[in-house]
Amino acid sequence: MSSTASVAKNLISKVKLNDGVEMPLFGLGVYLIKDNCEHLIHAALDKGYRLLDTAELYHNEAGVGDGLKKSGLAREDVFIVSKWFPSNEGAEGAKKALSTCLKNLKSDYVDLYLLHAPQGGKCAEAYRALLDCKKNKQIRSLGVSNFGVHHLEAMEKLGLEAPSVNQIELHPWQQKTDIVDYCRKKGIAVMGYSPLAKGNKVKDETVRKIAQKLNKTPGQVLIRWSVQHGFITIPKTSNESRLEENADVFNWTIPDEDMNILVMNT
Ligand SMILES: NC(=O)c1ccc[n+]([C@@H]2O[C@H](COP(=O)([O-])OP(=O)(O)OC[C@H]3O[C@@H](n4cnc5c(N)ncnc54)[C@H](OP(=O)(O)O)[C@@H]3O)[C@@H](O)[C@H]2O)c1
Ligand SMILES: *[C@@H]1O[C@H](CO)[C@@H](O)[C@H](O)[C@H]1NC(C)=O
Ligand SMILES: *[C@@H]1O[C@H](CO)[C@@H](O)[C@H](O)[C@H]1NC(C)=O
């Protein structure tokens, strides 16, 4: 099976994953969002965001759950992603982490659960245990993060069902065409993280010039780059006014000539 890139047209545009689940292509990353998490999630949902990306590591799964409750939206209207670093506890560790995640989210299920990275030594055991949790409907889709081609090939050799998503760092300084092409060939949806290069590149001269020409902000140009590549993308902001700025990336395009310039050396 192969999946072509889907370019989001608005905040509710979705992509159909290899297990049939439909996932929004655009959302909010919540890394480093702490004290104001509940409030910010509520604000993002009010502005039309429908995908939220958290993790055990971020210590804000509970804030995400609280923000969703506060918004008054139905659980099924919002797509929640969380992740967990495989540990040497293997299957037991995975089940324990998921159960804590669901308690924090105050939900019976998480929409997408990711192995946060190919580490811990017992990834395959953890993955198999989580496939069972998917059967139990505690997880709608199962995926991975920070997996390279050789990690996915190793999974395939073990006869493991392909993940639905691979979440990897993607922006003009991290193009990763080998793993992107591999995932697309295998029908694994590509989800990019750090679309703003963690905020480090909004002052970059090349990006700034393109932004000026298009009458957009540098942040919008970087986010649009991910949208236009057909990546599921999750720009993070803890600044309420940027929630709108970052989501205003659907009714304009970066011309090909500028996309070609935005292939940057690290
Ligand atoms: N799977 C993984 O291993 C992994 C790793 C890293 C990240 N992630 C996920 O991806 C999400 C996004 O990545 P990220 O948080 O690393 O970085 P990012 O989204 O690339 O950048 C966030 C930074 O950019 C700033 N920013 C946001 N919008 C801006 C704008 N319009 N103009 C200028 N600056 C702006 C933010 O500051 P303010 O908050 O002050 O606006 C923050 O400092 C994370 O939150 C997390 O959900 C996953
Ligand atoms: C929030 O974002 C706006 C731009 O939309 C910026 O002017 C302001 O300085 C930011 N606030 C903080 C606290 O970073
Ligand atoms: C594009 O969408 C934004 C809202 O996201 C809106 O403010 C703006 O007017 C739209 N521009 C055009 C040209 O339709």
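Glycine too: its Cβ is placed from the backbone N, Cα and C atoms.
Nobody curates TrEMBL annotations by hand; they come from automatic prediction.
According to DSSP, Tyr58 (active site, proton donor) sits within a helical segment. The active site, proton donor annotation in TrEMBL covers Tyr58.
If you look up TrEMBL, you'll see His116 marked as substrate binding site. Taking Cβ-Cβ distances under 8 Å and a sequence separation of 6 or more, the neighbours of His116 (substrate binding site) in its chain are Ala55, Glu56, Leu57, Lys83, Trp84, Phe85, Pro86, Ser145, Asn146.
Taken from TrEMBL, the feature domain 'NADP-dependent oxidoreductase' covers 38-262.
Look at Lys83 (site 'Lowers pKa of active site Tyr'): DSSP puts it in a strand. Its Cβ placed at the centre, Lys83 (site 'Lowers pKa of active site Tyr') has 24 other Cβ atoms within 10 Å. What TrEMBL lists as site 'Lowers pKa of active site Tyr' is Lys83.
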